[in-house]
Every structure is written in C-alpha cells, then in structure tokens.
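Just below is one structure, and these are the notes that go with it.
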Amino acid sequence: MASDPEQPALSSLGKSSGEIGDEQQPLLNGVRNSDNNYSVAAAILPFLFPALGGLLYGYDIGATSCATISVESATSSGVSWYNLSSVDIGLITSGSLYGALIGSVLAFNVADFLGRRKELMSSALFYLVGAIVTAVAPTLPIMVIGRVVFGIGIGLAMHAAPMYIAETAPCQIRGQLISLKEFFIVLGMVGGYGIGSLLVDVFAGWRYIYSASIPLAIVMGIGMWWLPASPRWILLRAIQGKGNMQDLKETAIHCMCRLRGPALQDIVPAQVDEILAELSFVGEEKEATIGEMFRGKCSKALVIGAGLVLFQQITGQPSVLYYAASIFQSAGFSAASDATRVSILLGVLKLIMTGVAVLVVDRLGRRPLLLGGVSGIVISLFLLGSYYLFLDNVWVIAVVALLLYVGCYQLSFGPIGWLMISEIFPLRLRGRGLSIAVLVNFGANALVTFAFSPLKALLGAGVLFYAFGVIAVISLGFIFFVVPETKGLTLEEIEANCL
C-alpha cells in the first residue's frame, strides 16, 4: 500500500476548473485494475431492477394528476365521497411526498444495517402495499394512508437505487447508468400521463390508474431478490470487523462475479483485493458516527450533495411547470386546453434531453453539463420574469423560455444532481449522507410547492421568476467553486481526490 507521503493531495472545495477530474490518477501504486474491463450486457440487470424504483416514482407523479380528476367525477368516480375539498385533493396529491420524507428518515437509520439490496426490496414491498391500499380504498382516509405508504417506498428507492447502481457499475459507465435512472423517472411520468389520460373517463378509473403500478412493484421486488448485494457494502462490513474477513471477502467475490459476468470472472479476485486496499487507504475501516457527518470529508460531501439537490428544487422547477398550460394557451396551441396533453408534450422533451445527458455525461463530465445547463436555466427564468412583467403580448418569448428551462434542467440538475449525491459520499457514511440529501430534496420540493401560491399572490409571477433567476445565478457560483469533477474516477478515488 502507498505510504502517507505518496497519498494524493486532497483537493479543496474551491477548485473551479475541474482539475480533479482531468487528472484521473489511479489511487494506489500508479495502476488501476478495477473496471478496466467490463461487460455492458452484465451491467443491464443490476441497473434495471433498481431503476424500476425511479420508474414507479415518475409514474406516481404523472398518474396522480389524472387520478385526482377521476376521483372527483360525480359520474365516473364510483364512490360517494367524490365531492372533495381542495385540502382533500392536496392530501391525495402530496401524500406520497409526506411518505417520501418518512422514507428518507427511515433510510438514515436502517440503510447501512440493511444494505442497498434489502433496502430496495423493502421499497418494492412498500410500493406494492401502497398501490394496493390506494387502489381498493373504500374511503378517503384509507386512500391517503395508501398514498403515504407508497411514498415511503419512493423515499427508500430514491435513497438506495443511486447507491446500488453507483457501487455496482463500472466507473466508465457509472455516470450514464445513474443518469439513465433519471430517464426512467421521466419515462414513468410520461407513462403515468398516458395511462391516466386513457383511464380518466373510465368508471372508477382512478383505481385502475393506481393498480397499474402493482406489476412493476412485483417485478422490482423479485428482481432485487435475485440480484446480489453490493460488493462494496460487503467489503465495508469486512474491514469494519462486522463478520469474518475471509467469508465476507469470498461473498464479495461471488457477488462481483455475478455483476461482471462470466467472461470477466478471472479478474474479479484482483478487483476485490484492490477495492479492499483502497478502502483501507482512505480510512474506511473506522466505523462512522453521526458526528462525523458534519466534520472533515463528509461535511464537504454533505455541502456538495445537499447543496445540489437544494438548488435543484429552489430554482423554481415545480413553479415553472405550473405555468406550462397557460403559456401554451397564450401561444394559441389547441393542446393547451388539455393539461394532460401539455404534460405529455413536456414529458417527451424531458425524455429527449435526459437521453442527451445520458449519452454525454461520461464523455463531457458532470461540471460542464451543470454549468451549461444552469446557465440556460438562468436565461429562461429572467425571460419568464420579463414576459410576465413587460412582454405579456410576446407569447413566443414565454414558450421559448419554458422549453429552454425544461431542456436545460434535464441536462443539468435533473440527472446530475442524483448522480453526484450517489458518488460523492465516503462509503462508510454514504447511507446516512445520501439519506440527508434525499430528505433535503423532498423537503425543499414540499417547501417550494407550498410556498409558491402565497409568494405569487404577494410578489406576482414576474418578480417571483426573477427571484428564482437570482437563486439560479447563486447556484452557478456554487457549482463553479464547490462542485468537483468526478468523471472516470472510481468511488474510492473520488473520496481521496475530491474531498
């Protein structure tokens, strides 16, 4: 193992030119053996089954917008309690968000004990139970309980899926695979809008809309039961003395062989030895304490991760989409009279731009996509503010700004935020660190959603979009000075070189 004088210098948060990612030096002995060889085919299923958790999350967003229309219908809801108040609709809509917050808190306490695989199996179970309870609910309170249970599954899945994919994927395609999870979320949203629009006028259609997620939850649960545990999580337990070192090492080798495929089994023992050496090199043998979350490397990782997901929400993403239908209507598009069609249109744009991010993230890197995408967000927000204050007769500005915002968000904050929080935390603190980041994400989402209407009434839409634009400018500075480049680095090299 390299001695202390040979340890790579730790970079400060003030790096602004992406030097860290450009070096991409091996962590130990000048040689990197891990992941030089990998099979794309073998990486598909270890990505696919965790990503179904994101698909179900996206489906819930799209489906609920149609299900609430169905359940309020006097003729087709199929229930006697269809005359719902705005508070009732709010509970149905946001019930999964409350559940996601609960799931994030649960993840903080049980993630490192359960491991990534069992946490995803638990998520699938919550998804299944929540979908069933919601679909068969005889009363509104039971329906809301089902929504909260489903939301707990969202919180666990959004916490564990990025970790599992990051810890099992070859580093050369890690960025693509984690960004592809965001693609699955958007795909789920489009699917939810599409299925919802088909079933919204069917008698008791909301029950069928929510039932559609049941098969996916079952497939996700069976798939995660079949997949192996994360080898890095097993090796972490080994070096922390939570089991027999040799037995855990053999288990990690077995899991890595399944993840890498039969063609690469001969090099797996060397990969496992290298990961063990790197984990010892960066000090992972010491068991994490809660206090460490706010000191040293993890405090830097927490600033990066929580900062990204906070800016992801407070730059106005829910608010911009709120105005989508009215903007299209002002442009004279007939589809604007149907909010569902507008949502599908924007969902397709999201899919396309997320696909672009997936294709280029491991070639261009994380920082260029963040800096370029957020710059576009800044421009779009100031254009929207100007439209509502000065240019309300120039509808083309509003349409261009809306499409620019959605496209740039899906190139930057959308996929890269989730990617960075899955990479940046040290392994022994990754479970708790990522749970805090996910909690910040859902908490900020709730705050922006709930504060939007009173702020709009107080300030007006134009001033509010200008305020979001100022926040986006601040986020650009945060990305430029604080967020490191992690392209092409193993997780252990990220911990040593970027924190």
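Note that the numbers count up from 1, one per residue, in the order the chain is shown.
Glycine is treated like the rest: Cβ placed from N, Cα and C.
Just so you know, TrEMBL annotations never went through curation; they're auto-generated.
If you take every residue in the domain 'Major facilitator superfamily (MFS) profile' (46-487) and average the pLDDT, you get 86. If you look up TrEMBL, you'll see 46-487 marked as domain 'Major facilitator superfamily (MFS) profile'.
Summarising the annotation, TrEMBL assigns region 'Disordered' to 1-26.
The list of residues near the transmembrane segment (38-59) in space but at least 6 beyond its ends in sequence, with Cβ under 8 angstroms from a Cβ of it, reads 120, 123-124, 127, 153-154, 156-158, 160-161, 164-165, 168-170, 172-173, 177, 180-182, 184-192, 195, 212-213, 216-217, 219-220, 223-224, 226-227, 259-261, 263-264. The annotation transmembrane segment is assigned in TrEMBL to 38-59 (among others).
TrEMBL lists 89-108 (among others) with the feature transmembrane segment.
Among the features that TrEMBL reports, transmembrane segment is placed at 120-138 (among others). Sequence-distant contacts of the transmembrane segment (120-138), counting only residues of its own chain at least 6 positions beyond either end whose CB sits under 8 Å from a CB of the stretch, comprise 49-50, 53, 56, 96, 99, 103, 114, 145-154, 156-157, 160-161, 164, 207-208, 210-211, 213-214, 216-218, 220-221, 224-225.
Beyond the ends of the transmembrane segment (144-166), by six or more residues, the same chain brings 46-47, 50-51, 53-54, 56-57, 60, 91-92, 95-107, 111, 116-117, 119-120, 122-127, 129-135, 137, 174, 177-178, 181, 210, 213, 217, 230, 418-419, 421-423, 430-431, 434-435, 438, 441-442, 491 to within a C-beta distance below 8 angstroms of the stretch. The transmembrane segment annotation in TrEMBL covers 144-166 (among others).
TrEMBL lists 178-196 (among others) with the feature transmembrane segment. Residues of the same chain lying 6 or more positions beyond the ends of the transmembrane segment (178-196) and with a Cβ under 8 Å from any Cβ of it are 47, 50-52, 54-67, 161-162, 165-166, 169, 209, 212, 340, 343-344, 347-348, 350-351, 354-355, 357-358, 361, 410, 414-416, 418-419, 422-423.
What TrEMBL lists as transmembrane segment is 208-227 (among others).
According to TrEMBL, the feature transmembrane segment maps to 301-324 (among others).
Residues or ranges marked as transmembrane segment by TrEMBL: 344-361 (among others).
What TrEMBL lists as transmembrane segment is 368-389 (among others).
Below 8 angstroms of C-beta separation, residues 158, 162, 175, 178-179, 181-183, 186, 304-305, 308-309, 311-312, 315, 317, 320-321, 323-324, 327-328, 330-332, 346, 349-350, 353-354, 356-358, 361, 366, 369-370, 372-377, 379-381, 383-384, 386-387, 433-434, 437-438, 441, 483, 486 of the same chain, each at least six residues beyond the ends of the transmembrane segment (395-421), sit close to that stretch. As annotated by TrEMBL, transmembrane segment applies to 395-421 (among others).
According to TrEMBL, the feature transmembrane segment maps to 433-452 (among others).
Look at TrEMBL and you will find 458-483 (among others) tagged as transmembrane segment.
Panel annotation: around the transmembrane segment (301-324), residues 13, 293-294, 342-343, 346, 374, 377, 380-381, 384, 402, 405-406, 409, 413-414, 416-417, 420-421, 424-426, 429, 433-434, 436-438, 440-441, 444-445, 447-449, 452, 461, 464-465, 468, 471-472, 474-475, 478-479, 482-484, 499 of the same chain, lying at least six beyond its termini, place a Cβ under 8 Å from a Cβ of the stretch. The list of residues near the transmembrane segment (344-361) in space but at least 6 beyond its ends in sequence, with Cβ under 8 angstroms from a Cβ of it, reads 62, 175-176, 179-180, 182-183, 186-187, 189-190, 193-194, 197, 321, 324, 328, 335, 369, 403, 406-408, 410-412, 414-416, 419, 487. The list of residues near the transmembrane segment (433-452) in space but at least 6 beyond its ends in sequence, with Cβ under 8 angstroms from a Cβ of it, reads 94, 97, 100-101, 104-105, 107-108, 111, 155, 158-159, 162-163, 293, 298, 301-302, 305-306, 308-310, 312-314, 316-319, 322, 417, 421-422, 425-426, 464. Through the fold, the transmembrane segment (89-108) approaches residues 60, 64, 67-68, 71-72, 119, 123, 126, 130, 140, 143-144, 146-156, 158-160, 431-432, 434-436, 438-439, 442-443, 445-446, 449 of its own chain, all at least 6 residues removed from its boundaries and within a Cβ separation under 8 Å.
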